[in-house]
Each structure stands twice: as structure tokens, then as C-alpha cells.
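Student: Below are the features listed in TrEMBL for this protein:
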| type | residues | note |
| --- | --- | --- |
| TRANSMEM | 27-49 | transmembrane segment |
| DOMAIN | 41-290 | domain 'G-protein coupled receptors family 1 profile' |
| TRANSMEM | 61-81 | transmembrane segment |
| TRANSMEM | 101-120 | transmembrane segment |
| TRANSMEM | 141-168 | transmembrane segment |
| TRANSMEM | 207-226 | transmembrane segment |
| TRANSMEM | 238-261 | transmembrane segment |
| TRANSMEM | 273-292 | transmembrane segment |
Amino acid sequence: MANRNFTRVTEFILIGVSESSDLQIPLFFVFLVIYGLTVTGNLSIITLTSVDSRLQTPMYFFLRHLAIINIGNSTVIAPKMLINFLVKKHTTSFYECATQLGGFLDFIVAEIFMLAVMAYDHYVAICNPLLYMVVVSRQACFLLVSLTYLYSFSTTVVVSCCVFSMSYCSSNVINHFYCDTIPLLALSCSDASFPETVVFISASTNLMFSITVVVASYFNIIVSIIRIRSSEGRKRAFSTCASHMTAVSVFYGTLLFMYLQPRNNHSLDTDKMASVFYILVIPMLNPMIYSLRNKEVKAALRKFLTNY
């Protein structure tokens with residue numbers, strides 16, 4: 001085979017959410033507001049669950065870590081995205097791109113399993129209330145959170161190494177607003193079959209395992225709720241689970257849509273809209289879905305503001 005000269009890629013160009021120059025400033029302010037609300041809402045959850053003695057329970061312990069993950073995931077993507085709305089050259093260096101992909105994978109995998117852990121926590125609280133403080137003890141909480149972070153980091157290392165072990169030459173335009181696995185695989189000038197397989201197996205395994213935990217937990221929760229004799233108790237429990245399951249369904253649905261379809265069926269423009277939703281919009285909504293409708297959190301917020 002004849003030798004061909006390639007220019008090795010040292011930086012990537014991000015297309016962004018939209019290529020229209022007229023939309024850059026309006027989109028900047030829209031996503032600035034979204035990111036600001038995300039940071040404010042999740043920092044509020046972290047603060048309240050750390051300082052208020054009434055919120056020192058396993059449920060709020062997991063919620064605090066979900067808020068940390070939400071801030072981390074948004075912060076990995078949003079600042080660079082906002083800068084690119086204001087500049088003409090949307091470039092990112094090779095190593096900056098690798099760092100962004102690693103941070104994104106780390107937090108998104110952690111969120112997937114943290115939601116599963118929270119579903120298990122709900123299951124124990126409703127189905128085995130007498131054993132709740134034994135099963136979900138302080139040591140168990142730390143173990144579950146530690147395993148979640150450790151596994152997400154391990155997955156990040158494996159997938160990132162596979163993606164960036166490929167050769168990138170000549171073409172360096174990423175049709176996305178951040179460095180993601182699918183558009184990066186599409187740019188490679190080497191055989192991408194092995195990295196594609198690793199990404200597919202990792203994504204499908206993580207999603208299927210966590211979804212199985214969530215579905216099994218909520219199936220047992222629903223069975224237990226049906227057995228509750230008090231109509232008020234059933235209504236309150238169903239209301240809590242409905243909010244939680246709505247958020248979980250939307251989150252998992254977008255991830256399944258993104259990663260569990262063959263490469264040749266992908267529409268990158270559609271993927272970008274889905275990414276905006278689960279990277280930026282869902283972390284903004286999570287504080288309201290999980291906490292701000294909660295009477296205990298509202299009372300803690302009022303107490304905190306009064307004392308402050």
C-alpha cells in the first residue's frame with residue numbers, strides 16, 4: 001500500500017449548538033441562565049444537606065452527591081460552550097478535548113449509578129422501613145458512593161484511552177458543542193471498530209444494570225404502596241415516586257437514545273439537542289424535582305436564610 005502523508009490533528013474545531021451567527025448571542029444568554037440556575041440550585045442542595053441536622057439522612061446524603069455530580073457535569077461542558085458563543089474560532093486543543101471527554105464520562109457514569117443507588121434507598125425506606133437504618137447505615141452510604149465514584153473513574157479511563165488511542169488526521173471538525181465519543185469516532189482515520197465496541201458495551205452495560213436496579217426497586221415500591229391501607233399515605237407515596245420516576249425516565253431515555261443505536265443511524269444534530277437536555281437542562285431541574293418540592297428542604301431553606 002502506498003504511503004500517504006497525513007497532518008496529525010493537534011486541535012479540534014467545535015461546530016457548537018448552531019452555526020447561525022445571529023443566534024450566538026441569544027443562545028449565550030439562554031445557556032448562561034441555565035448554567036447559573038444549575039449551579040445555584042445544586043449548591044443550595046449541597047449547603048442545606050450539609051448544615052441542617054434534619055437533613056442528615058441517607059436520602060439527603062445521596063441527594064447531596066447527586067447535586068455535586070450535576071454541578072461537575074455541567075461545569076465540564078458549559079464554560080467552554082459559553083466562551084465559544086462569544087468567539088469566532090471555536091477551537092479546543094487535543095489534550096483539552098481529552099480532558100473534557102474524561103470529565104464528562106466520569107460524571108455521567110456517576111450520575112447513572114447514583115440514580116440507581118437513590119432508587120434502592122427509596123426501596124428500602126418504603127418496603128423495609130424497620131430495617132432502613134441498618135441496611136442503609138452510614139458505612140453502607142459511604143461504601144455505595146465510593147464504589148460509584150471508583151467505577152465511574154475506571155470506566156472513564158478505559159473508554160477515553162480507547163477513543164484517543166485512535167489516529168486523528170486531516171479532518172478535525174467536531175459536529176457538536178463538546179468533545180463526545182460518537183463525533184470523535186466519526187473523525188478517526190484509523191479502524192474504529194474496537195473503540196466503537198468498547199463504547200457500546202460500556203454504555204449498554206451501565207445503562208442496563210442501573211435501569212434494572214431502578215425498575216426492580218420501583219416495582220417493589222409500587223407493590224408495597226398498593227398494600228398501604230391509608231389513601232392519604234398511598235397518595236403521598238405515589239406523588240413522591242412519580243416525580244422521581246419522571247426525572248429518571250427522561251434521563252435514561254435520552255441516554256438510551258444517544259448511545260444504544262448503530263453509528264450509521266445517528267443524526268448528530270438530534271444528538272446535540274438530546275445532549276443539551278441531559279447535560280444542562282436536567283441538572284437545572286433536579287433540585288426542583290428532588291428537593292425544592294420537599295417540605296423538609298423548604299423548612300431548612302427558610303431556617304438557613306433566617307439565620308443568615
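Here the Cβ of each residue, glycine as well, is placed from N, Cα and C on the backbone.
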Student: What stretch of 27-49, 101-120, 273-292 shows the most Cβ pairs under 8 Å to the transmembrane segment (207-226)?
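Tutor: Ranked by Cβ pairs under 8 Å, first place goes to 101-120.
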Student: Most CB pairs under 8 Å with the transmembrane segment (101-120): which of 27-49, 61-81, 141-168, 273-292?
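Tutor: Result: 141-168.
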